Amino acid sequence: MTRRAPAILVLEDGRVFHGEAYGAVGETFGEAVFTTGMTGYQETLTDPSYHRQVVTMTAPHIGNTGVNREDDESDRIWVAGFVIREAARIASNWRADGGLEDELATQGIVGICEVDTRALTRHLRERGAMRVGISSRELDPERLLARVRQSPSMVGANLVDEVTTGQSYVIPADGEKRFTVAALDLGIKRNTPRRMARRGIETHVFPATATVEEILSVSPDAVFLSNGPGDPATATEQVDLTRELLRRRVPIFGICFGNQVLGQALGLGTFKLKYGHRGVNQPVADLATGKVEITAHNHGFALGLPQAKNEHGALGLPQAKNEHGAPAADGSPADVVFETEFGRAQVSHICLNDNVVEGVRCLDVPAFSVQYHPEAAAGPHDADYLFDRLVELIEGGVRVAS
Ligand SMILES: NC(=O)CC[C@H](N)C(=O)O
């Protein structure tokens, strides 16, 4: 085996990791984040929500299953850089049609391997997500650090226009068409229309700049607000559009960035989590049923309710109040109902690791959204029922006060 070129990774706070070039040889900058998924590197790499992020895989052995043409979540790799511990020397999977490293190199994605990813992850958990640079060209940490500190921050980054489709397109229903959904592409993953198609939904995907008139021109039964990269506080156009849809009582379902957009349309704020939630084993409670689901996450921001501060002075879940404004008897978060311009809304889901708001549901207009990923690419599938709730919402079967 030929020796790899040396590479360095330098964090904004000056911490340096040494490794070897993996994928394209070169230099890259972005926000350093980690994901704990033991599987699904291909879905991660091609998820547009990771645009401008340098992703560290905590799974220690990456590339084992190569890459295939079926698991891509979009038509390219979006991560700004890729950090792994050990590169698999052989790709072995019946669906593989290439190796991961070749794919990264072909797409010009700079990566680094032989990094102590456990130490890097612990550092990010202690200090929080921060900017990072990887280089297999500039090997002087001080010089690279200066460039890291000049690179743009994720806070305030408006990235939706960089990932959205240029043209609208249609994903047909599987079998008989029952419904039409207009999806606003803020960085949509391919598996979402696929999950909808299974339920007889034809999805019309629109660019992020679509107007209400354009969206309503396909007579949608519901509007879907997709996941996407960047700081949701910059999504003012999409928030305005969502407010107009709420005013017209068009059914709405949102995922991740879409949840942050719906939440803002309801008057909530967003805030940056210390190091975010990324992985495929995050426990979420559905407060309507009391069930806990294991879910896929990829978010660095979350919705905060106006009074939202927990005992650590952070995170999204407020002091539980019932609809009369009194503290819930058992402190149950299920009673977190808040007033919006569009009637009452409720926190529908929370993350059991840290109480972050993971979903909201309107009680007086037909709209709901979740911060995590029911499309489950890559897995697990516990939250698939949310697409059934979308169908129920369309059919008017979801509890919507008159
Ligand atoms: N997956 C997503 O939609 C991410 C939303 C947003 N960019 C965040 O980091 O929170």
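Start at 1 and count along the chain as shown; that gives each residue its number.
Cβ atoms here come from the backbone N, Cα and C positions, even for glycine.
Annotated features, as they stand in TrEMBL:
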{"type": "ACT_SITE", "residues": "CYS256", "note": "active site, nucleophile"}
{"type": "ACT_SITE", "residues": "HIS373", "note": "active site"}
{"type": "ACT_SITE", "residues": "GLU375", "note": "active site"}
{"type": "BINDING", "residues": "SER49, GLY228, GLY230, PHE257, GLN260, ASN298, GLY300, PHE301", "note": "L-glutamine binding site"}
{"type": "DOMAIN", "residues": "5-135", "note": "domain 'Carbamoyl-phosphate synthase small subunit N-terminal'"}
{"type": "REGION", "residues": "1-179", "note": "region 'CPSase'"}
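What TrEMBL annotates, mapped onto the structure for a quick look.
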residue : record                   : contacts (Cβ under 8 Å, 6+ apart)
SER49   : L-glutamine binding site : TRP78, GLY187, LYS189, ASN227, GLY228, PRO229, CYS256, PHE257, ASN298, HIS299
GLY230  : L-glutamine binding site : HIS51, ARG52, MET154, ALA157, ASN158, LEU159, VAL160, PHE257
GLY300  : L-glutamine binding site : GLU31, VAL33, ALA129, MET154, LYS272, LEU273, TYR275, GLY276
PHE301  : L-glutamine binding site : ASP231, PRO232, ALA233, GLN260, THR270, PHE271, LYS272, LEU273, GLY276
HIS373  : active site              : LYS189, ASN227, ILE255, CYS256, THR295, ALA296, HIS297, ASN298, ALA383
GLU375  : active site              : LYS189, ASN191, THR192, ARG194, ARG195, ILE255
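What surrounds the L-glutamine site, by Cβ distance within 8 Å of the Cβ centroid and not counting SER49, GLY228, GLY230, PHE257, GLN260, ASN298, GLY300, PHE301, is the set GLY187, ASN227, PRO229, ASP231, PRO232, CYS256, HIS299 from the same chain. Taken residue by residue with DSSP, GLU375 (active site) is part of neither helix nor strand, so it is coil. Under the DSSP three-state reduction, GLY230 (L-glutamine binding site) is assigned to coil, being neither helix nor strand. With DSSP classes pooled into helix, strand and coil, the tally for the domain 'Carbamoyl-phosphate synthase small subunit N-terminal' (5-135) is 26 helix, 50 strand, 55 coil.
Here the recorded positions are GLY228, CYS256, PHE257, GLN260, ASN298, and the one with the most other Cβ atoms within 10 Å of its Cβ is PHE257. Across the region 'CPSase' (1-179), the model assigns an average pLDDT of 96. PHE257 (L-glutamine binding site) carries a helical DSSP state (H, G or I).
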